[in-house]
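Database features, via TrEMBL:
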- 7-30: transmembrane segment (TRANSMEM)
- 42-61: transmembrane segment (TRANSMEM)
- 73-92: transmembrane segment (TRANSMEM)
- 98-119: transmembrane segment (TRANSMEM)
- 131-152: transmembrane segment (TRANSMEM)
- 158-178: transmembrane segment (TRANSMEM)
- 199-223: transmembrane segment (TRANSMEM)
- 199-440: domain 'Major facilitator superfamily (MFS) profile' (DOMAIN)
- 235-253: transmembrane segment (TRANSMEM)
- 265-283: transmembrane segment (TRANSMEM)
- 289-312: transmembrane segment (TRANSMEM)
- 324-344: transmembrane segment (TRANSMEM)
- 356-373: transmembrane segment (TRANSMEM)
Amino acid sequence: MTKLATSLIALISSIVLLVAGNAFLMTLLGLRLSMENFSTSLIGWIMVCYSIGFVGGTVFAERVVERVGHIRAFAVFATTLAVSIQIYPLAVNAPLWAALRGLAGFAMAGLMIVMESWFSSRATNENRARLFAVYQVVFFLSTASGQLLINIGSPDSTLPYTLAAILVTLAVIPLSLTRMHAPATEDAERISLKRLYKISPVGVSGSLIGGLLTSAFYAMAPVYADRVGLSTDRVSLFMASAIIGAMVAAWPVGRMCDRFNRRRVLFGVLAVAAGASIAIPAMGTVHPYALIGMVGLYMGLAAALYPVAVAITNDQMPTHQITAASTTLLLAYGIGSCIGPVVAASVMDRAGPNGLFFTNTGFLLLLAVYLLYRLQKRADVPEAERVDYVTTSPHGGHHLYELDPRNEDFHRGETAGQAGLRIGKIMLGAAGRAHSAVKR
């Protein structure tokens, strides 16, 4: 795996810089808007523009890549993102910031398409699972590391924005100097959302709610943390704990999905996540480190909704349509991500900062009730017909799913089950090391 990672050092370096800078910025903006005393609902509308731009980017940004090539497209999108970051501190204006968030979302989608297609183009049947694991670990650790940069300066100073812009700009250098051949662009097979819902209503619903919960948390959790009185350094730990929790939970949830009925595992995940979500407001800031740990548990399980939903859907799909189905589930996730921040912010306006977790609990319970209904309507997939569980994350476009060991091209080397186990263990080990680093 080390040799494989070394051969991709330029690409990995660009991912680390880009993802850390973008993750840092998302938390920074939430804190700044809260400090400026914007209404919670207005903050929600500003922050959701990123998700709207990102969904638009997954549809249209690939045309830019096809027209000018991967390296030029990466430079264009990275420059756009870096310039937008530098504009934020010039004027704290709601319409301007909303437009900048939409632009940033579109640019980030384009950047993820370039990086994921490059990763996918390096895959063979022998290294596909390891590449998938490398990508997941790098993405999660970069996101968690970005949260710790919040402590670099006050959110109302220009220093944090300058640092975020520098990180994004530096991401251009490794890829610009690489000798790797740019991947060829290919049209991906599509399955309509309506058709996929008829095939797997639980999978589509789970992806939708997963996107809603995740985007609501990352957009509004910094506002929650600020308004319940957490210091800036604890806000960074609060956010980093959520990301590390997602890494830690990936392996045990995956093991349970391969050993037990997946829809029942999903119900258990929903129940425990709802319990953690309702416990967070009860903790307040009396026990801040217990609060940070509970957030890790909550987001670990909330982040697991999407890969479990993907696995449930793939059980219903022929092998050659797994990538197409995953792409459509990503669309469902994106739709949810455009709803979550607005709904959560509206509830927070009326119920206070704890409204974020009241909202999340409500949607978790709603999906749990729907799941119970579906358990009565359709028999479970026999164990012999289930595909293996593989940890997945909705980071970008359809290119990442070409690395998924369950698709039809993965016909030699490790089985999908062995690959999924490898990915889970690697992510769990990386999460443990990241947790130790955060504590230090």
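Positions of Cβ are set from backbone N, Cα and C atoms, glycine also.
A contact between the transmembrane segment (289-312) and the transmembrane segment (356-373) is present, since 3 or more of their C-beta pairs, 6 or more residues apart, lie under 8 Å. Highest Cβ contact count with the transmembrane segment (73-92) among the listed stretches 7-30, 158-178, 324-344, 356-373 falls to 158-178 (criterion: pairs under 8 Å). Across 7-30, 265-283, 324-344, 356-373, stretch 7-30 shows the highest tally of CB pairs under 8 A with the transmembrane segment (158-178). Of the Cβ pairs linking the transmembrane segment (7-30) with the transmembrane segment (265-283) and spaced 6 or more residues apart, fewer than 3 are under 8 Å, so the two regions do not touch. With Cβ pairs under 8 Å as the measure, the transmembrane segment (324-344) is packed most heavily against 42-61, out of 42-61, 98-119, 265-283.
Same-chain residues lying 6 or more positions outside the transmembrane segment (98-119) and placing a CB less than 8 Å from one of its CB atoms are 8, 11, 14-15, 18, 22, 25, 29, 45-47, 49-58, 60-62, 64-65, 70, 73-74, 76-78, 80-81, 84-85, 87-88, 131, 135, 171, 180, 182-183, 185, 395-397, 399-400, 403.
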